[in-house]
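Asker: According to Swiss-Prot, the domain 'Pyruvate carboxyltransferase' annotation covers 4-271, on the basis of sequence analysis. Annotated substrate binding site per Swiss-Prot: R12, in sequence order, evidence recorded as similarity to another entry. Positions annotated as divalent metal cation binding site by Swiss-Prot, on the basis of similarity to another entry: D13, H204, H206, N246. As annotated by Swiss-Prot, active site applies to C237.
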Amino acid sequence: MQAVKVFEVGPRDGLQNERQPLSVAARVGLIGELAGTGLRHIEAGAFVSPRWVPQMAGSDEVLRQLPSNDGVSYTALVPNRQGFEAAQRAGCREVAVFAAASEAFSRNNINCSIDESFERFTPVLRAANEASIRVRGYVSCVLGCPFSGAVAPEAVAKVARRLYELGCYEISLGDTIGAGRPDETAQLFELCARQLPVAALAGHFHDTWGMAIANVHAALAQGVRTFDSSVAGLGGCPYSPGASGNVATEDLLYLLHGLGYSTGVDLEAVAQVGVRISAQLGTANRSRAGLALAARSAREH
């Protein structure tokens, strides 16, 4: 049975796009619950300005309160050397950096060009290598940009390759606005797999147009075996009106297990976490599988 790695991004990418910020204690509790389901890769926070992203305030406290010997890799997003040093002080052993495949998105999101963004986080890669801290890379807008429209697959592959050559062990290709279709996804990953090992690629799909699970299936067919997901489908994109969150972890697990892949994650346990966090945030549970499991559980009890 082939294994697929599920990378849970709800506590960071999910929560930072929800209107209601959670306390440090609530975020630590959520992460602990997710780890208890068998998830072994969890994005726990971001060392960014609380002025711009108040939902991630106190990420240093969150990281410090997480166990260091439970077999789970807790990752934090860092935009620059300053953020990296803060993550390092908090005991973080894996960080993530992000770039965009679209010049327009890069300028609107982080106020610099793609080349300038690489100048910002190249020192992070250098310092992380010296400290034996792993670095994951994100590429935004791989299947479309909210400002400039279509994005050439060649532009995505170029950015992904640069991240890989700088030392990122894994490159997550993100459909930030959730507009991609399976045919485009297949073409993109086929092209990128010519530039760097497919084992170093991950899929990160938003569900704005209902294509996230279909895109996961298309990426699986191209040999991709790592996918980002968010419990209860938490999240969105502030630059894309109406954008939904990431593909729900529950929906991803339902697909993967049904296709015969092993994940080491308990689907029903994740669904229970999804119900609880949705209620806590006062938001709708966006996971189809999660809602179906909750309805079945209600009937049985």
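Note: Cβ is positioned from N, Cα and C throughout, glycine not excepted.
On this model, are these features tucked inside or out on the surface, and what's nearby?
Answerer: The C-beta environment of R12 (substrate binding site), restricted to residues of the same chain at least 6 apart in sequence and closer than 8 Å, consists of E43, A44, G45, A46, M56, T75, A76, L77.
H206 (divalent metal cation binding site) falls within a strand segment according to DSSP.
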Asker: I want the residues beyond D13, H204, H206, N246 whose C-beta is within 8 angstroms of the mean position of the divalent metal cation site's C-beta atoms, in chain order.
Answerer: V9, G14, G174, D175, T176, F205, D228, S229, S230, G235, G245, V247
Asker: Give the three-state DSSP assignment (helix, strand or coil) for N246 (divalent metal cation binding site).
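Answerer: The three-state answer is strand.
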